[in-house]
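Some features that TrEMBL has for this protein:
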- 1-11: compositional bias 'Basic and acidic residues' (COMPBIAS)
- 1-52: region 'Disordered' (REGION)
- 33-43: compositional bias 'Polar residues' (COMPBIAS)
- 77-99: region 'Disordered' (REGION)
- 82-99: compositional bias 'Basic and acidic residues' (COMPBIAS)
Amino acid sequence: MVLEEKQKESEEQQEENAATKIQAVFRGHQTRKSMSMKTNKQPAETEKEPTRAELEAEFRADDKELCSAATKIQASFRGHQARKEKEQAQKDQEQQDKEDIEKIDLTDPDLNKAATKIQASFRGHKVRATK
């Protein structure tokens, strides 16, 4: 139990470090962009989006630490998304079950016969189990 807690704390610390690294890289990107805008005196509206080559030059694919950080954040987000989808599916199923129960016609004579048969079987089972 203690090992699991330490491992969880370690993973959380790694995720925090990964997020910090990505935030630092992004802030650097923003700062460089801001500096280039000041020197070029171009308004933000006229500046085009960076090209793929420019982004790849800024965020090197061979930076293992950055890639690892991004992977951890992506995995964490995918887990969050999967849990959210599972919770929604569970809520949908509960709602469907509730609607199905409401649709049962309690005045149906076949339903009463089936319920009586189930009750009789259970009572017989209960009597035999106590002997």
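We number each residue from 1, going along the chain as drawn.
Positions of Cβ are set from backbone N, Cα and C atoms, glycine also.
All TrEMBL annotations are machine predictions without curation.
Assigned with DSSP, the residues of the region 'Disordered' (77-99) fall into helix, strand and coil as follows: 23 helix, 0 strand, 0 coil. According to DSSP, the secondary structure content of the region 'Disordered' (1-52) in residues is 40 helix, 0 strand, 12 coil.
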